[in-house]
Amino acid sequence: MLTRFSIVTLVLFVLSIALVIRPIYVPIWLPRFGRKNIPINLTTTPPAIIAILWASQCLGSTQIRDGIVGTGGIKPYNILILFMSLAYMAITLDISGILQASAFWVSNKGGSNGWKLYLYFYLMLTLLSIFLGNDAIILSGTPFLVYYTTATGLERMPWLISEFSTANTASMVLFVGNITNVVVCEGFSINNVAFTAYTIIPFLACNIACFLALAIQFRNEKYIPRRLRAVGRLNPRGALRDPVSALVGTLILGTCLVVIIIVSFFKVDVWKISLPFAVAKLIFDLAWDHYRFVTGTLHHRPFTESKENTSSDNDDVVLAEFKRAMSLPTEGGSRTKDMFEPNECTITPPTASGTGSPASPSDPSKLSESLESVKVFPKARRHLKTVYEGWADHFPTFFTALPRLPFGLVPFSFSQFILIEALQHQGWIDVFAVWLSRASHGQIHASIWLIGVIGVLMCNVAGTNIGATILLTKVVIAAPNFPSDSSRAAGIALAVVSNIGAVSFTFSASLAGLLWRTILMQQGIIIRQTVCFLESFAYSVHDMCRACRRLC
């Protein structure tokens, strides 16, 4: 039975979604800091709503505990430990320069044929996204594509949209590709190997349909010219910062994924596998950096920010290689004009807020900027800064990966789980479950189409695809008179749409979308919501329809 507490809970839940999609800033006055704007966004809103619900007795400590420990086979702590462990291994692997090296190799293979190069980059990003996940590709691939398009004089939009769409599409293949996949596997008790077997055909259909849609949209010569400007041969080895770390990181991550797949048959919590591998990679990073520091082979801070420049040295290596290639004689014997101006292609690294809480560098609410203008504990701050820089020089891999880890995802995800538990406590999950059962009549095809359409819409209006996946998983599991086959089919459909739904109406449809927009804003590239919608809506619909047909 619904009560006044149920109404309040639903209203506050909708309010939290609205503030995640469209954040606001509340001006307040702080002593010694003056007037500042406090952000009400995906980082601050869900915890604040939970506090209000708790104070108004709409939820209790039991629901908060269930949102952390889990119920019904879904274990939030298991999901987040797995995700953070894999994120560390993927980020440190990228720091070694393996993504840039792969891109250079693909660029050499593509040559000066525009569409051939576009296809090769599409395939490369697809393969990397399958194993590294969408966040790692967005984090590393976006700055690189900005460099590449600037160096070759290409229109940025086709390449950036291609990267964003393929990263979110390919992440549906492995259950570790996206946090929503793990939620589905946990909630519907789907084996990891079976998950890939279910999603591989929808993925292929989505991937092909997506490329065809991109080819149609960007068929004009001004977007992807048939012949590119001549560029000298790029050196993949030069972009590979640390071959030893790249080799070890690949072996550790690959072995971890294989072991996770094997032990999934024995009902072992995946965090018990991923966490030891992440710790092993951490120990290797610290030991290897220490060895290079002691032996003198670590001559400078290869990844951390310099004092004079906000661009990382890893980006400088890519820029230097581009300049070298652009100045080399081409096959025809002529030299290509160096298109780089001194400040034309400066890349600012992503903010240290992680993928869970991306923020614009011009955000006036950042307290770190306030601390720079108002000296608070100056001696202590100078001492801590000196200590930090010393450790960062000694262990550059760890101190570069640390701010790039999606720590903001942890409180946001736990908050989403707790809010869904509050809805279930107030009876809303049962209401939605009855609606689903009546609309689908428990039939497989109807369940797939309903979850497919509703899932894409919910990703855009339910506060990222994480919230939509958690909510719909609870609804499907609670649906009365719902056959097990229909429930599993609905779960797989949810896994598909939680990935492709991130490429649709709003940036907040996924945390990867928010991160992508933030990185582009830091490069001075502004993509409006309407532009992104118009570019992606067509192939998002194509992907959804093609995937649902395959599942049927």
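Note that Cβ sites are derived from N, Cα and C of the backbone, with glycine treated the same way.
The annotation transmembrane segment is assigned in TrEMBL to 7-26, 77-99, 119-148, 169-189, 195-218, 239-264, 448-472, 492-516. Annotation source TrEMBL lists domain 'Citrate transporter-like' at 77-278. Residues or ranges marked as region 'Disordered' in TrEMBL: 333-367. Among the features that TrEMBL reports, compositional bias 'Polar residues' is placed at 345-367.
Taking pairs at least six residues apart, the transmembrane segment (77-99) and the transmembrane segment (239-264) share three or more Cβ pairs below 8 Å and count as touching. When each of 7-26, 119-148, 239-264, 448-472 is checked for Cβ pairs under 8 Å to the transmembrane segment (492-516), 448-472 comes out on top. The transmembrane segment (448-472) and the transmembrane segment (7-26) are in contact, since at least 3 Cβ pairs between them lie under 8 Å (pairs 6 or more apart in sequence). Of the two recorded stretches, the transmembrane segment (119-148) lies close to the transmembrane segment (169-189), with three or more CB pairs under 8 Å once pairs fewer than 6 apart in sequence are set aside. For the domain 'Citrate transporter-like' (77-278), the model's average pLDDT works out to 86.
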